[in-house]
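Report on the following structure.
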């Protein structure tokens, strides 16, 4: 036995050794050697030691220059060959003779000029891709031996004409892409036109020559216009006739035609050709003889037209764009061409508003070409191309509309059947939709491949056939039809007659009930949202509370739709419970996702169906990060492409990260405290209003002896750069439609806080309604990095609308559209937009003009103004915050002007991105070097919790955590003063005096009418911070007067914080102490080590019963603070973890090698907030060097601005002349291919955009997810060089 085992080990090792030799070191291979990928390996030839059994060979992105027959010898089973993105210039004739089974060939993105015959006998080739080469000539025999060819791509080459017999004998051809070639539309083009009328194509084929047909679509040209020339001269010599063809100076080889076929392929015999002359037998019928030619040089049509223009003249259009429609997410290219002398300048307008070149809307060829990607709803509308010179001006308007896509609708679904053992059955599933849906079949939640044993799915996916039925085949079969805008599922049950009886199934929920439930859920949510929207139209916004609700509709539309989809999904699940006898009741100690299961009620196929019906398959657009130059240098606005390995890390509109798994009452979505009277660890959770009143509220405050109020304000500014949790859009219950604050029932999205009879608001009679209104945070379907079609019900997650990086997104915005709204588009100077300036000539934030947001608190006020517009929607929340935002728009514009003066060759795009990069570095430096050591109580304690910077780590997830955003970083509420100080130049109160906090909310007019930003800034750096004492936590302005308006129930910030943490499913304070490796209290006596005040412990005990019930935010703010710090160890742990990951996981961190030059970094490290105030205040001349430290009230304690160090921008002089091609106004502009976050569903497996794979049991096929569709051929549907095709 031992000898046998030894021989077995030796044999196995030997096999592994031999197998290893069959996979070259430059390649990756599957275990059987059937799939070999040698991409991006620097190869100059095809490796010799590849297994000859290989079925799929990918050698993309290498340096191969020539393809020889000998390179492919022996690959008798090869079905897919991908050689894209090489340097191939030559391929040998009949190169495919050694590949008898080849079905897919891609030679796209090479340097081929001539294509010779590819094989000498018949081959089963189905797909041929020659896209993006330099092809001018294609031999007539190239396609002769491919009767099975279905897909052909000759696009983006230099083809002027094709041989007339090239397309003969191609009975299976269904797709041909011939666009983006300089076609000569002569008699030869009639065969191309005929082909286009038979097959499907991607884009229209346009004529380049002759001039009279230029820019006309070939399929629209009349056949009579597709002609070749009659011979110019005829002469007879004996038995011969000489014919001469006229030829112009730009033409090259003349082509002679006989009966509209090239003479060398025609029935004509005995001819001789000498340049422009052909000699034919005298008996030839010369009436059938014509000639044509191709051109040596094809001048770009724009330059050609301009060369025809003589003398001075006003602009004239030579090509006008036409009205057109495009699908959502597609790339749009529009040409607008003019001539005139002097050369006209072209300007572009969208819905009457001028725009300049940007990442979203790129202008090329001196603004002649407009490219938009991705084309979304906000891009549709009326566009105007305007051409201006000193002689005159012309304008042309046209419309670009969005083609509405239609989600799938299954009109013929599978039917439940019974069948005997050994029999067979066919399930049918057919759906309408636009684009055409793809189909995925599953059995009891497990995906069925196209060919899987006894299971077979038809080629179009509409039929599932099961043969030789066994008892184990009994169960539910589900069909999912999906396209980029939605999905729909239908299922049926197979009952097998005979054999052992299967376990009784759970109560049934059929497809009809699911569809009705989803429709009712959508109606409930949509009605509730619409009611709220109507109530908050501009003429009904009468107070700041309404204003905050209206802000919800100003968040990006994408965020609105993502959160709405999840709400519909959850409402659907709630309605399902109403139809099921068995509810879901779990013990408190079972509140953990892995224990949950709505599957006890909902089958996995039903979960998938509800996800599709609710819209939970959609997601945010995903950037493939192919513009390596730009993404190496600059951040994207939404955070994508920061982490090259995980490009969606830290991106806006993504779920908050979890430190601990959430705790929901039902394990799915309902917060703890949702079910009234429920006990937790033997005690009911306290009413959060009572926690606020008894424990958190304080009428007395103690000023901090060392720190200024700027500590608080910078903290809020940083928070608004990192976190913004989107709230529910509706104030109405989805289930009943009741107004949220009219009832204290917990009905989504309402999670209101009842007021007790002894509440001061009730006793005083000021409470108009019985509870404080609270709407839950909007939920998000999923992250998109894995599957959005979950195999089980997933717990509720909340969305961060901002990027998680410290990147000045509160200045510039967290998406492309928002960023463009903030830019000055009328001048190409890289500056931010402003509308008015102060008396000192310095900019104020621009006014919000294009939405219903309005900051008028009292409509009877004189000169009411609209909201200020900034990168964060909350810029108007209070006056000091608006002043801080103002400083940063001024700083951006100050730097932009200096960079422009030093670098006259820079355009606005370069100036903007370089300035944005500098301002982002300023925020990072001030936060980490000046502010954070203060809040942690010193550099040593900061290093303990945050650590020192060791360089960028791509494995770090910088995403903001739910605990940080919802609880820990809200420690800042304990250091807010009840008033905003406003100090004049003499450091005395201005004549209007200080302002109570509740009067400072959403009042931007006071910035303009009461002294500008200077009094507010002095009030921050020259007033003391509120000391966060455990017995003095939140001042009464925040407890009783938050967003107060006379007759309404004002909010309570402590209540909001505690209720929000429950809404988000945050575990208790003790669980986070355990996470942080801190002592965990079991009894109340255990807490005396870190809560020194016995009275506080007694209050906690009276409210919570046991330490295990304490809410995280409450426990965190009453903890004993770190020495000289502003919070205790639990919050220090959570905040430290977050700021460490924000820094270490940021590829653009300002201290990372290569982000800035050493000289630039030295200058950035000189930056202080004091210097920013000096440079950008209206008249700030005295200030302390460290604005976070409070020197006292005496003006003499403040130094002069001359004493603060300045940053020298000379380090940026000519630093960036070598800019990325995508930032230049040239024809060389990358096409920023993106996609939708939801990716592709293939065989039930969800794959992210850009993923590539070999389907199981289909070795000959190689697939890529592109544009939310699965492409399983060598046809290239985009130029993204990550594609395997």
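Just so it is clear, glycine is given a Cβ too, placed from its N, Cα and C backbone atoms.
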Going by Swiss-Prot alone, which of 700, 858 is annotated as N-linked glycosylation site?
858
Ca(2+) binding, same site as 803, 805, 807, 809 - Swiss-Prot member from 721, 748, 759, 835
721
Test of record reading: of 741, 1281, which one does Swiss-Prot tag as N-linked glycosylation site?
741
Coiled coil per Swiss-Prot: which of the ranges 465-507, 508-550, 551-593 is that?
508-550
Of 265-284, 285-304, 305-324, the range Swiss-Prot tags as region 'Disordered' is 305-324
Using a Cβ cut-off under 8 Å, which residues of the same chain at least 6 positions beyond either end of the repeat 'LRR 10' (998-1022) come close to it?
544, 547, 708-710, 713, 836, 838-840, 844, 855, 857, 861, 863-865, 867-868, 876-880, 882-884, 886-887, 980-985, 987, 990, 992, 1037, 1041-1044, 1050, 1170, 1173, 1177-1180, 1183-1184, 1187, 1190, 1193, 1198
Give residue numbers and ranges for long-range contacts of the repeat 'LRR 2' (50-72): same chain, 6 or more residues beyond its ends, CB-CB under 8 A.
22-24, 27, 29, 32-44, 78-92, 94-99, 107, 1254, 1259-1262, 1281, 1284
Highest Cβ count within 10 Å among the recorded positions 49, 874: which residue is it?
874
Could you measure between residue 49 (N-linked glycosylation site) and residue 874 (site 'Transition state stabilizer') for me? Cα positions, answer in whole angstrom.
63
Helix, strand and coil totals (DSSP H, G, I; E, B; other) for the repeat 'LRR 1' (27-49):
0 helix, 5 strand, 18 coil
